[in-house]
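What TrEMBL says about this protein:
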type    : residues : note
DOMAIN  : 3-292    : domain 'Protein kinase'
BINDING : Lys31    : ATP binding site
REGION  : 286-305  : region 'Disordered'
Amino acid sequence: MAHSSAELIGKGGYGCVYKGKLPDGHLVAVKVLKESKSDGEEFINEVASMGRTSHVNIVTLLGFCYERTKRALIYDYMSNGSLDKFIFNQEFSNTARCLEWKMLYEIALGIARGLEYLHRGCNTRILHFGIKPQNILLDKDFCPKISDFGLAKLWLNKESIVSMIGARGTAGYIAPEVFSRNFGGVSHKSDVYSYGMLVLELVRGRKNIDARVHNTSEIYFPSCIYEDLELGRDLRISKVATEEEKEMARKMVMVSFWCIQTTPSERPQMSKVVDMLEGDLQSIQIPPKPFLFSPPRSPQRSTKS
Ligand SMILES: Nc1ncnc2c1ncn2[C@@H]1O[C@H](COP(=O)(O)OP(=O)(O)OP(=O)(O)O)[C@@H](O)[C@H]1O
């Protein structure tokens with residue numbers, strides 16, 4: 001289906017992604033999945049359900065290839081790549097911040113709308129592993145789209161889930177209840193948590209858990225942002241110049257802190273998140289301080305601090 005001279009554009013935990021071109025010139029991203037032992041029926045069912053998904057903030061799945069153990073998924077090509085490139089890239093953080101506040105706000109809102117759609121009605125899905133900046137792709141107009149929501153994840157058993165959380169370093173986006181059932185059951189609210197962590201990263205332009213930071217109180221940055229919020233201080237975030245920008249940043253921070261509440265039932269539904277982002281800053285209450293836990297470093301140590 002894809003052009004033979006397809007170029008490699010990325011690698012994920014589940015396989016390589018190539019850029020390709022359909023005979024009519026349409027650009028596509030072809031994700032060639034690693035070989036899997038799971039049965040094909042599950043794959044086909046999952047692809048069929050993804051095929052029924054249609055939303056402006058979800059990457060469109062155009063088709064799939066399936067031949068014994070070889071499986072590939074064909075998506076619309078997103079010319080601006082994934083969000084991590086814009087929020088973590090030194091090149092961008094040293095010069096003028098690449099994405100303006102208005103754009104960051106639009107991205108946060110777009111992702112919220114996409115997740116709200118996935119959580120709604122019969123399309124209901126939980127992303128479980130957390131949604132991270134690599135899963136947010138930006139199209140040519142910088143409209144954010146969620147990609148890869150859960151397909152490969154369904155093939156994993158519980159054990160491999162635990163080892164992946166340890167091995168892949170995406171722990172910062174995963175809700176506490178995914179590590180330990182003491183916090184409650186896994187639900188849509190687990191995605192709400194991941195969303196909150198992702199938006200905090202958008203705001204700060206830095207990973208939530210950053211080993212390069214020397215001051216220990218800064219390692220887990222949401223704590224110091226919370227302090228600013230609680231004391232009504234200006235948030236210690238760069239490039240917020242105008243009142244409008246301050247308001248957008250504050251709104252994003254308030255929403256994120258609601259989303260990362262430790263108890264799942266205290267987190268808002270995604271529909272409420274969309275409302276909060278679109279509504280007045282004044283109508284959002286200051287969230288309680290979330291209990292900020294350190295996710296386990298290895299699969300064996302599911303401790304909290
Ligand atoms: N539709 C697409 N258009 C453009 N680039 C894409 C597309 N899909 C994926 N990519 C690129 O390929 C990279 C790897 O994507 P992929 O979905 O395989 O992995 P991931 O999201 O990083 O992780 P995982 O699959 O392990 O959750 C992305 O970060 C992005 O840069």
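Glycine is treated like the rest: Cβ placed from N, Cα and C.
Remember, TrEMBL labels are computer predictions, not curated facts.
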Quiz prompt | Integer mean pLDDT for the domain 'Protein kinase' (3-292) | solution = 79
Quiz item: In which DSSP state, out of helix, strand and coil, do we find Lys31 (ATP binding site)?
Solution: strand
